[in-house]
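Trainee: Structure incoming, see below.
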Amino acid sequence: MEKLFLLAIILAFSFVPHIMSIPFDERDLESDEKVWDLYERWQRHHSVPRDHHEKHKRFGVFKENAKFIHEFNKKGKKHYKLALNKFGDLTKEEFKNSYASARVQEHKMFQSHANSGKFMYGGANVHDLPMSIDWRSKGAVTGVKDQGKCGSCWAFSTVVSVEGINKIKAGSLVSLSEQELVDCDTSDNSGCNGGLMENAFEFIKKSGGITTESDYPYKAANGTCNAQKLNSPVVVIDGHENVPVNNEMDLLKAVANQPVSVAMDASSKAFQFYSEGVFTGDCNTELNHGVAVVGYGVDEDENGTKYWIVKNSWGADWGEQGYIRMQRDVEAKEGLCGIAMEASYPILFLAIILALSLVPHITSIPFNEKDLESEESLWDLYERWQRHHAVPRGHHKKHKRFDVFKENAKFIHEFNKKGKPYKLALNKFGDLTKEEFKSSYAGSRVEEHRMFHPRARMYHFLYENVNVRDLPVSIDWRQKGAVTGVKDQGKCGSCWAFSTVVSVEGINQIKTGNLVSLSEQELIDCDTSDDNGCNGGLMENAFGFIKTAGGITTESAYPYMAQNGTCNSSKMNSPAVVIDGYENVPENDEAALLKAVANQPVSVSIEASSKQFQFYSEGVFTGNCTTDLNHGVAVVGYGVEADGIKYWIVKNSWGPSWGEQGYIRMQRGIDAKEGLCGIAMDASYPIKTSPNPPRKGRTYRRQLSKAVLQDS
């Protein structure tokens, strides 16, 4: 019964269209007046800006598309349905020019890497392969992203495959940077004007790796290569191989082992308005868009239609939550829409992860005693630090802050000489005083907030009867695919929202098998009764809000802005994940916290305002700190050092350039009942028993961003 329920949850997320298209029927098409009302409803729903002149000009296109969609669905002859998504008033030609104009073969002719001809899965027996596989359920696929109106689909396709093989080989799912490829891979690829995935794989190999999305965020525009970020890779690969051309059986062998990048034709009206089901065409083999195959399966229809699970890069509001299922094993050797014509995948022999494996990131600058010998050498160090972290400082401010920087550098150097279990580093907070740092990044005043915005504590504890002796010695929810990439709250006091989201993302993955990056901004903008956006909040209040609101939407549908905003009700009313409430971990009880973390990520409050915490770099943090709770984080695991020191694995929200790739290991099992820095004082976690919302007849509202290998 439990397995059936889990299956129902997975299906509810994976193969049900999102509520990002507007439902309509025959009555809405009866007259121009009613179609006009439908058009205005569509504009409001998708927040599509149209002035009066353009609105009238585009009305005819919208009317034609609405009728096309209605007639298509009415016939019921296909295995899939269409919906009135965000592309509703674009002609087929406009859609193709903006989102499917990659001209892959042309790009390949002039800028392709030689194919080695090797295919590592050639010896696999198709009869030995599983009937179905879904790399999402194995925690090897990050949340759906949106390329916008930049033709960078090739970069997104590349990144999906690299993220996947990294998770498979190294056990860590890390969201990687498409923007690094757009800005820096310019010899063989052309940024927003298109590219090839195999070229991008070779670029990553030659560059020594690729950095994280949070370290080099996506801008949907061509930019200048940031050499500092390029030179701080997090994931490496050893090259790539091509799947033999026009062979779906070989593609099956590859996808059974890892996500695979493919090119296809995505320019048809049927593809433009795809909503749900197994896509069977219409399309041709004029390759114009880059995507990634992340699994395959067999439909439960009477024909047992076989399909590929394809991850697109047009946001989670298109298709089946950003995915499309495409028919496989068609008669044409090229595969449907040419999916078997241009497939490639990255190779990773040795799982050398430069990140997330509890080693410090190359985002602080090394220095030694010589750099501190004189004012001149310190000034040189300060300028090096500014360049490294791209910290803007005017001439006056630079001189004013030099003394603070100098004091911090000396503090860090002296501390590291003491030989503690952890080290400090000259990170991006290098010229902030302790008070400035506390005010901007650790000023939540948890107890004060609890006093004025109380919520009844939940005294039922789900894991009460668990025997601590039966728990594993260590657990890391990152390795189980239940933790998204490290995010950055910026100078917005929204740590409570980030902590909440980590725990909800985690329990959703544990219960459904799908890791979905959820929206902190929705909590900031909409959870305003008990929480205060950038001015602080409590995680348990946020859990209560998510339950009452009927769920929370995705990060791609409601992206983070690092500031307070007005609640977008259409986005809030299209939840992707639901929870059934929350529980508090018994206060001041690290053993109880251990029981909870052994079963799911847990939100906690800590005191994070010390200079040691500010400059933490690596190792097991043992203090100094107090129990004046001022920061929300999430515990995503625990373990034991070789020397016997027990620790918690804590995910922070200050970006991957802080600590151990955005994480800190904090000592556990200390004498104080509150735990180190008060970590056991205010812990809570979400409860999930219900499936995610089934949404009939809804579509994904994806940002029409697509391009494709150039198209895109």
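The chain as shown is numbered from 1 upward.
For all residues, glycine too, the Cβ spot is worked out from N, Cα and C.
So TrEMBL says this about it:
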type	residues	note
COMPBIAS	695-704	compositional bias 'Basic residues'
DOMAIN	39-95	domain 'Cathepsin propeptide inhibitor'
DOMAIN	129-347	domain 'Peptidase C1A papain C-terminal'
DOMAIN	382-437	domain 'Cathepsin propeptide inhibitor'
DOMAIN	471-687	domain 'Peptidase C1A papain C-terminal'
REGION	685-712	region 'Disordered'
SIGNAL	1-21	signal peptide
Trainee: Counting by DSSP, what is the helix, strand and coil composition of the domain 'Cathepsin propeptide inhibitor' (382-437)?
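Mentor: Once the DSSP states are binned, the domain 'Cathepsin propeptide inhibitor' (382-437) shows 35 helix, 3 strand, 18 coil.
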Trainee: Quick one: mean pLDDT on the domain 'Peptidase C1A papain C-terminal' (129-347)?
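Mentor: Within the domain 'Peptidase C1A papain C-terminal' (129-347), the model's average pLDDT equals 93.
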Trainee: By DSSP assignment, list the helix, strand and coil residue numbers for the domain 'Cathepsin propeptide inhibitor' (39-95), in that order.
Mentor: 36 helix, 3 strand, 18 coil
